[in-house]
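S.K.: Quick paste of what TrEMBL says about this protein:
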BINDING   99, 103, 106  [4Fe-4S] cluster binding site
DOMAIN    85-297  domain 'Radical SAM core'
MOD_RES   312  N6-(pyridoxal phosphate)lysine
Ligand SMILES: *Cc1c(COP(=O)(O)O)cnc(C)c1O
Ligand code: SF4
């Protein structure tokens, strides 16, 4: 079984309604659904959360006025090709724009795809030279595309080059491969993920507990057993995971797979993704509900990437207020603290 890459293949699998706008959606962004993900789709469920992430929808042709071509301002912060340098101590390095699957909500929707600009050998050298010349860069985040789409030999070479830069303390890899194409997590890949000196962290992108198939959990276990610390990133997506039970199940499943939930990303203002958007108020209400239900180990930080290249910030909810006078009794100048169960309390400043 191969990765499905065309509307025709999706029709054959019974995954698509007939809609002329789908051709436009498929033109705007490549299609890829791995056999692993295809096997998880419940065709009897028109709202299947796996299909919703990967099967193109006519809704993608609806572009809202506030949606952006470069939703998180990568371009504005790219000093050399393949590098995004927004925070002093860390950079993104994007060696390629290919992914094992194409997620319809992708924040780099306008960039990813087969044939999308990969760095040539000399461009990669220039990107590494940029890092080498800046001692303030402590962490290099390999992203893309999906860096695990590089052949293990090339990935090993890249990691060795970063490992040789004394001021680089951490290499972080952002990938969806262990979940969507777990057979790529081979011994050869694990060997490539072993810098001699730097710490290597692995951030895995997972949006629904059902993505954690037996094979995916085995791939994560291989990474964890190789001594690689795993963190999880989830995109908050309408119709995929915007219910508290769904998020709770996902966060527990991640922790059980030895993945520490790191970020819950508020969906970015990506063109043609209005059908995935969730309001900030809804996101905060979900986070508040999780706080009352879940172990601290399973709590992600809810973040927004501020459009224009201004970086990520936690967006709550906040538990401190300014109006303790609403409570009986008196404690002058006190703060109001809300607990995880909705109770309100005074606390001295
Ligand atoms: C997301 C991002 C990072 C990493 O941010 P953390 O908060 O450290 O996870 C770094 N640089 C850029 C440009 C980013 O978009
Ligand atoms: S794997 Fe990541 S970069 Fe690739 S399409 Fe999905 S969200 Fe975008």
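Backbone N, Cα and C atoms are what each Cβ position is placed from, and that goes for glycine too.
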S.K.: Can you go through the recorded positions 99, 103, 106, 312 and pick out those with a C-beta less than 6 angstroms from ligand 1?
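M.R.: Cβ < 6 Å from ligand 1, in sequence order: 312.
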S.K.: I need the least crowded one of these binding-site residues (99, 103, 106), counting other C-beta atoms within 10 angstroms of each C-beta.
M.R.: 106
S.K.: Whole-number Å distance between the CA of the residue listed as 'N6-(pyridoxal phosphate)lysine' and the CA of residue 103 ([4Fe-4S] cluster binding site)?
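M.R.: It is 21 Å, counting Cα to Cα.
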S.K.: Taking the recorded [4Fe-4S] cluster site as 99, 103, 106, identify the other residues of that chain whose CB atom sits within 8 Å of the mean position of the site's CB atoms, giving them in sequence order.
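M.R.: Apart from the listed residues, the neighbours are 101, 102, 104, 105, 108, 109, 112, 176.
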S.K.: According to DSSP, collapsed to three classes, what secondary structure does the residue listed as 'N6-(pyridoxal phosphate)lysine' have?
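M.R.: For the residue listed as 'N6-(pyridoxal phosphate)lysine' - judged by DSSP and reduced to three states - the answer is strand.
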